[in-house]
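Written below as structure tokens is the structure these notes are about.
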Amino acid sequence: MTIEKEIQRRRTFGIVSHPDAGKTTLTEKLLLFGGAIHVAGAVKSNKIKKGATSDFMEIERQRGISVATSVMGFEYSGYKVNILDTPGHQDFQEDTFRTLTAVDSVIIVIDAAKGVEPQTEKLMNVCRMRKTPVIVFINKMDRPAQDSFTLLDEIEDQLQIQVCPLSWPINNGPDFKGVYNIFTKSLKLFDPSIQEIEEGLQFEDVSSAELENHIGDDAETLREELELVEGVYPEFNRQSYLEGNLAPVFFGSALYNFGVDELLHAFLEIAPTPQPSTAEERVVKPDEKNFTGFIFKIHANIDPNHRSRIAFAKVCSGLFERNKVYTHTRLGKNIRISSPTAFMAEQKEIVEKAYPGDIIGIPDNGSFIIGDTVTDGEKIHFKGLPSFSPEMFRYIENADPMKSKQLNKGIDHLMDEGVAQLFTSQFNGRKIIGTVGQLQFEVIQFRLEHEYNAKCRFEPLQMHKACWIESDKPETLVEFKKRKHQKMAKDKLGRDVFMADSPFILQMAQDEFKDIKFHFTSEF
Ligand code: GDP
């Protein structure tokens, strides 16, 4: 098959949701369709239950599982589908955001009873920023749900995207009768005792009295609602979806495997093929001859005795081949990747070739950091892997003076993996760790001890935000750094960061230094 054909048949996407909305269940059902797994329960939720007595065990367990399940590829009806899993726990949201840089589209799962939840909103913000096309799956229709129109309003308001229902539910909860597929004009009846995929009943016209035979009085309600849907929502427009302006919506119940095949079929038909990637130097198209790829995730090995890691690379262009000599652009070094792995559902296997849209795992012992680029020789840097301004800060101190080398190495490695962010105060030289959640501090402490044999201690630090600063006027920057020297730090790449104690202090600095831009992500 030509490389163009390989590109055309690839669909690389992420499934995201607020915890508990049904992401894991839906992923599993999609894999069952693809024949990638054969029994339910094979995909483990990578959730960490906060407060569980064995938090650390949970963390370890999750790390083990998520290596296996962070990428799931399968073949279905001529397509090569790559699902990228994202951690649900909000303390690991940065990991999720980075994973979203490697997908071409997203399916957002929403709990029909709870509607849009905080994490859904944050994830959608990232999609909007990157103009990623999204499809919404409203899940758990077998349980009492909010009114469908209310849900759609909520999505439009809170997720700030126009919606276009492509299926419509008939009741919900105990009265849930099924969904009408607006896309294919067919009705599928819900029967909780059947989880097999069944053909829907075809209806040329919803006014057909035949409908009453299947759903009784609900037929009339369905007709009215469909009329309303037609009047209120725009017709589906693929271009608008691909531009990230319109979200098709499906209703169903992942648990009962209901509405999932409609979702999958529509997804395969409309979802984008691997898209061009923007590098600082130029835009890289998937069908270019030369290979390019970037590292979006690094995973430590579960076996603490072998401190090797897996770097996950997304193929952006060209054909990747095992054992070919490529360039590690940041180090300016030639590398040969002898055991790249591909992920087919539960299994990892060595691959000879990979195409744009594919994800490969590269065994690594410390030469990659997130954002690194591998190419056929060209020196390019892909954009879009920002660090977000952390929300919690602590000084990190060595708790075992005999092990300072191990500690520094461990901190270095963990930061490369993107576990948290490290800043060095320019005032007192102390190391500051910034995270988005408390759990990350626990992970760092635990992993330093178990993988690097080093002990650390955290000391409280009252801090509101770290912002990257920039200005066209070098003299203003110098002046600012002088005035705020107690609050200046460098990030891991040596960039200037202003550590603001409080929103008030930040506001004052912004008011006073109008020529300085304060950025809340590291990429601007
Ligand atoms: P995640 O946190 O988003 O991955 O959510 P899970 O897939 O782990 O689902 C959370 C809980 O909701 C589990 O107990 C599931 O069995 C349940 N669940 C998921 N989908 C459905 C559904 O369609 N109907 C019902 N009744 N329960 C569901």
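Positions of Cβ are set from backbone N, Cα and C atoms, glycine also.
Lifted from TrEMBL, the feature list:
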DOMAIN    8-275  domain 'Tr-type G'
BINDING   17-24, 85-89, 139-142  GTP binding site
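Proximity of the binding-site residues (S17, D20, K23, T86, M141) to ligand 1: a Cβ under 6 Å from the molecule is found for S17, D20, K23. Figure note: comparing Cβ neighbours within 10 Å for the binding-site residues S17, K23, T86, the maximum is reached by K23.
Each of the binding-site residues D20, M141 was scored by the other Cβ atoms within 10 Å of its Cβ; the lowest score goes to D20. The DSSP secondary structure for D20 (GTP binding site) is coil.
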